[in-house]
Amino acid sequence: MAQHLLHGTLHATIYEVDALHTGGLRSAGFLGKIISNVEETIGFGKGETQLYATIDLQKARVGRTRKITDEPKNPKWYESFHIYCAHMASDIIFTVKDDNPIGATLIGRAYVPVDEVINGEEVEKWVEILDDDRNPIHGESKIHVKLQYFAVEADRNWNMGVKSAKFPGVPYTFFSQRQGCKVSLYQGAHVPDNFVPKIPLAGGKNYEPHRCWEDIFDAITNAKHLIYITGWSVYTEITLVRDSRRPKPGGDMTLGELLKKKATEGVRVLLLVWDDRTSVDVLKKDGLMATHDEDTENYFNGSEVHCVLCPRNPDDGGSIVQNLQVSAMFTHHQKIVVVDSEVPSQGGGSEMRRIMSFVGGIDLCDGRYDTPFHSLFRTLDTVHHDDFHQPNFTGASITKGGPREPWQDIHSRLEGPIAWDVLYNFEQRWSKQGGKDILVKLRELSDIIITPSPVMFQEDHDVWNVQLFRSIDGGAAAGFPDSPEVAAEAGLVSGKDNVIDRSIQDAYIHAIRRAKDFIYIENQYFLGSSFAWAADGITPEDINALHLIPKELSLKIVDKIEKGEKFRVYVVVPMWPEGIPESASVQAILDWQRRTLEMMYKDVTQALRAQGLEEDPRNYLTFFCLGNREVKKEGEYEPAERPDPDTDYMRAQEARRFMIYVHSKMMIVDDEYIIVGSANINQRSMDGARDSEIAMGGYQPHHLSHRQPARGQVHGFRMSLWYEHLGMLDETFLDPSSLECIEKVNRIADKYWDFYSSESLEHDLPGHLLRYPISVDNEGNITELPGFEFFPDSKARILGNKVDYLPPILTT
């Protein structure tokens, strides 16, 4: 049967199965007997039935009910689903299974042809359940379902941007959008005083950068009642204030000393740090994990700081195998700081306090402090002497010298009602995994800490509307509703037995669908939509990197090409994911990335051909990485030792170059809307039941790109980032949707790549933005950039390698 593109939202309800005669396909053949025997031997087989149903679009799993226990004949779920889709499919498939501790037993499948729903009519019917040979199962059971498909074109926000200040935010989410907020955006941990691009904003102002770690230092220093921190890693030995031109009282204290001091002053200091249980040797030796979790716990032992190492516990709904996967492979990845702070308008003498929060990509740990200059060698005797981070070379150390690994990252400070949502997230997580009930009871402080209220009037031109999004499940946060109906209204996805919040993915999908002119992304990873990958040496349905973001981006570009409207997507990723670039895990991730990009470029080139256009696909979708290269200066730090000869380390030191590690997790749409958080563009971050994540999405209602280009804080922030990456400002950068802009940015990045990769070096690199070193032909195939099979100074393949012995769940 012909496949159709389902691009939009599918509303589905699974009611019940009429009359099951259990046994299903279990007894079929030899394998069924083995499973039964194994179950009986280890005592699993005698239990009750645990029936659940799933929804697939072709071979992509898009929905699943909870389990119904001990209703073997007539399971009733009555569960509704709100499914974002961007899939080619001929059938919508409902599968009924009986769960057991090792896996699940197939009962049968029911098929609804996409032809029946594609026109948008509501379809409600009893559908026959079939076996693997498409024959009715024993007893001719049927499943009762309802479906209605809404194509993206029918969405009133499609291609419209944020139309007005009345835009309500992303629907079906746990946290609704908050008004009257204030947001500060940070490009990295620190911005020195000599980084001063002149970027005009609306109202005659110029953009002013903020300083993340200085602001966090001030927030912690000034807290009087509570300091709550979560991190993938928190390292007690770092200092937050390092700029000798901007000293602060107490700025030489380490983070650990500062937190202990605040706790002795009577402030409740609670830390939730991911308990790195992996010790999966395969990852450890690749340098992927070095979180200091045990050092941090030991440091605070016996102090008044409460530090809890929390593993990424699976929710109770998985099989034994799945639960082992979650606790061994996945992480707590949220990076937040929540404090009480003074109420600015009350003056210094007031006792009144409010809640302030920080959310983003920067962990409070080693290797994160950097500035927009991203020096490789010149800070090794100053701010990076005791914070030398270089996990991409075996045995790298300050005694052997640079290049250090520079760090590109993005963070935000949230004030107003939105800051309380970050607090609620912490309280939910502490209640689930923190152990003792020692959260500050804010109700008892209601005369001091003002309740969630706007920090700005809606009329104020600097005001923000902001919404909080997460990837998390009931294994990591308390307070999720039990009833499927209430969960569905809050946008929570029901799993077999767990409730999942995957609103970060929803927020990205929503923002991409709304986009009118351009999208700018910086992210540490870029892979997904594996249901649409070519079956080149893999079985795509085995990969399960099912999130929609890459496919949504390419379908948006295709739609604009078909309409003859201009639209551009710019993506910045690291050269390779942090770790030894030749290692199996890094090569596997690069392979997934190549497959993702190829899938997108094939969509784009096909659309161009269909319109008779012979254009470079990079004029629509373009990928970059960041790197730096510095000439040697007099008086530079001289290492006592040298790297081993003929190593990547030695070659990079001699060539005086290295990548700038892109750790950002950010998307800007049309210069009016921004998402900043901890979530990568991969399945781990977007799934909800894998890594736990948090993000904010916001806009300034007085600075929308409705009748004229947006010129608020989001625009200023993007221009400041481009100034950092390109080393210049240019008129054409004001309109990233124009052909002139994308051609100019591509041209500059191509030139900088030539400088970066050349044999000789006469000057510092004039900017950091480099083309991602791949070629795209006019059919969308991705091949090596001529002369570049390997990253400079390494033997690591740029296009990656398929690695069969690492399970995809680990690297996607």
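Residue 1 is the first one shown; counting continues down the chain.
Using the three backbone atoms N, Cα and C, a Cβ is placed for every residue, glycine included.
Marked as active site by Swiss-Prot: His333, Lys335, Asp340, His663, Lys665, Asp670. Sequence annotations record features per position, and here Swiss-Prot assigns 1,2-diacyl-sn-glycero-3-phosphate binding site to His333, Gln524, His663 based on similarity to another entry. The Ca(2+) binding site annotation in Swiss-Prot covers His374, Glu724. Summarising the annotation, Swiss-Prot assigns domain 'C2' to 1-127 and lists sequence analysis as the type of evidence. Look at Swiss-Prot and you will find 328-368 tagged as domain 'PLD phosphodiesterase 1', backed by sequence analysis. Residues annotated as domain 'PLD phosphodiesterase 2' in Swiss-Prot, with sequence analysis given as evidence: 658-685.
Shown here: features listed in Swiss-Prot, placed on the structure.
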residue	record	contacts (Cβ under 8 Å, 6+ apart)
His333	active site	Trp232, Trp274, Ser678, Ala679, Ser685, Asp691, Ser692, Glu693
Lys335	active site	Thr230, Gly231, Trp232, Val359, Gly360, Gly361, Ile362, Asp363, Leu364, His411, Ser678, Ile694
Asp340	active site	Ala223, Lys224, His225, Leu226, Arg353, Arg354, Ile355, Met356, Ile449
His374	Ca(2+) binding site	Pro406, Trp407, Gln408, Leu626, Asn628, Ile660, His768
Gln524	1,2-diacyl-sn-glycero-3-phosphate binding site	Gly361, Val573, Pro574, Pro577, Tyr661, Val662, His663, Ser664, Lys665, Asn680
Asp670	active site	Gly161, Ala515, Lys516, Asp517, Phe518, Ile519, Ser705, Ala710
Glu724	Ca(2+) binding site	Gln187, Phe195, Pro372, His768
Checklist entry - Which site among His663, Lys665 has the most other CB atoms no more than 10 Å from its CB, taking these as active-site residues? => result Lys665
Next on the checklist: Given a Cβ distance threshold of under 8 angstroms, which distant residues of the chain, six or more beyond its ends, lie next to the domain 'PLD phosphodiesterase 1' (328-368)?
Outcome noted: 186, 188-189, 212, 215-216, 219-220, 222-235, 237-238, 240, 255, 272-274, 276-278, 280, 291-292, 310, 312, 387, 389, 391, 405, 407, 409-415, 418-420, 422-423, 425-426, 429, 445, 448-450, 452, 455, 468, 470, 476, 524, 663-666, 676-679, 684-685, 690-696, 809-810
Next on the checklist: If you average per-residue pLDDT over the domain 'PLD phosphodiesterase 1' (328-368), what number do you get?
Outcome noted: 89
Checklist outcome for this item: Residues lining the 1,2-diacyl-sn-glycero-3-phosphate site besides His333, Gln524, His663 (CB within 8 A of their CB center) are Trp232, Gly361, Asp409, Tyr525, Ser664, Lys665, Ser678, Asn680
Checklist entry - What is the maximum Cα to Cα distance, in Å and rounded to a whole number, among the residues His333, Gln524, His663 annotated as binding 1,2-diacyl-sn-glycero-3-phosphate? => result 13
Item to check | DSSP state at Asp340 (active site), helix/strand/coil | outcome: strand
Checklist entry - What is the number of residues in the domain 'PLD phosphodiesterase 2' (658-685) that are helix, strand and coil, as DSSP sees it? => result 3 helix, 15 strand, 10 coil
